[in-house]
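**Student:** I am attaching a structure below and will ask some questions about it afterwards.
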Amino acid sequence: MLVFPLWETFVGKGAGLWGWAFTPCARGGVSAWTYHYSDQGDYTWEQARNYCQTFFTDLVAIQNKQEIKYLNETLPFHGRYYWIGIRKLGGTWTWVGTRKALTKEAENWADGEPNNRRSNQDCVEIYIKRQWESGKWNDEPCNRKKKALCYRASCQPFPCSQRGECVETIGSYRCECYPGFHGPECEDVVQCTKLEPKGVSMNCSHPYGDFSYNSTCVFGCQEGFERRGAGMLRCLPSQQWSADTPTCTAITCPVLSAPDRGELNCSHLHGDFAFGSTCAFSCQTGFALMGSESRECTNSGCHWPWGDSRIFPSLLDPTVWPCSPQAPT
């Protein structure tokens, strides 16, 4: 991106106005962040903010030391100095434009400041071209009158694809993308691996594209099977799914055994004594089966029909009597 200076003079509604800008060549008509101040008249802090919001965006929000250096080198000296967009709200120094608290790392106070002299210094000025501590901040009573130091934002109307925070820089801006997005304008979406579960039903929702950030997939199993693992997976900003892909396993029933003096013959579709397994009972010669001839493992995990299969001597062979049989369960 090429950057070159553009010097401008502004005159607005009864008040002299002077400003300057660094304007980048960019597609989409995005202009640079420009600084402006009133060169006719001074304002209380509230008046200064109203002035900036009327003609521009807001009072200046200092982003970094580079910006402070730039402002101090470029602005003209004014004996009452300039208001900036910091104010004490609820006892906390706050950037009024973003409502974010001033961090320790961003502080640029002059020595001994803020001192809250007379307990009424809730607004902040910046020293410009002062003989000492130039570029530093000082807390002041909000009703004192100073120059309004304003900016017009590049971050409008819809920067960063509405998927990140637009951060103003001198002559341009940058996008700090929200989790799950990336790219210069946060236009790209994090992708997770495509899910292809076997033997599991899957129903997915894709707000930003197939199997991308914030996609959710819900899993289910057919009748007679139970899910092992999470019922829902979400694509995370790390490009990983929130859990492993679940599986479906057949519901199992209690193991059956052959009755005394009898045999058990089973067919297992999905594993031993699992859903769909069927078992047939039969007797040795000379014995009769009392009870069901077959049982099936159902989706409840129980055999059907209910009851035991026991073997008793055939009436044709009354001389043989079996030992007490152990009925299957």
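Placed from the backbone N, Cα and C atoms, the Cβ positions cover glycine too.
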**Student:** If you follow TrEMBL, the disulfide involving C160 connects it to which of the following: C150, C175, C177?
**Tutor:** C175
**Student:** For C150, what is the disulfide-bonded cysteine listed in TrEMBL, choosing from C52, C248, C253?
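**Tutor:** Checking TrEMBL, the candidate bonded to C150 through a disulfide is C52.
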**Student:** Identify which of C204, C217, C297 is listed by TrEMBL as the disulfide partner of C253.
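**Tutor:** Disulfide pairing in TrEMBL: C253 with C297.
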**Student:** Between C177, C204, which residue forms the disulfide that TrEMBL gives for C186?
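**Tutor:** TrEMBL says the disulfide from C186 goes to C177.
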**Student:** Let me make sure I read this right: TrEMBL says C248 forms a disulphide bond with another cysteine. Which one, out of C217, C221, C266?
**Tutor:** C221
**Student:** Using Cβ atoms only, which residues of the same chain lie under 8 Å from C155 (disulfide bond) while being at least 6 residues apart in sequence?
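**Tutor:** C155 (disulfide bond) has long-range Cβ partners C166, V167, E168, Y173.
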**Student:** For the domain 'Sushi' (251-317), what's the mean pLDDT in this predicted model?
**Tutor:** 79
**Student:** Taking the Cβ of each of the disulfide-bonded residues and counting other Cβ atoms inside 10 Å, which one has the highest number: C52, C160, C248?
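**Tutor:** When each Cβ's neighbours within 10 Å are tallied, C52 leads.
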**Student:** Applying the rule Cβ within 8 Å of the centroid of the Cβ atoms of E113, N115, N138, D139, what extra residues of the same chain belong around the Ca(2+) site?
**Tutor:** W109, A110, G112, P114, N116, R117, Q121, W137, E140
**Student:** Can you give me the Cα-Cα distance between D139 (Ca(2+) binding site) and C160 (disulfide bond) in Å, rounded to a whole number?
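**Tutor:** Cα to Cα, D139 (Ca(2+) binding site) and C160 (disulfide bond) are separated by 34 Å.
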**Student:** Find the one among the disulfide-bonded residues C52, C160, C192, C253, C297 whose C-alpha lies closest to that of N138 (Ca(2+) binding site).
**Tutor:** C52
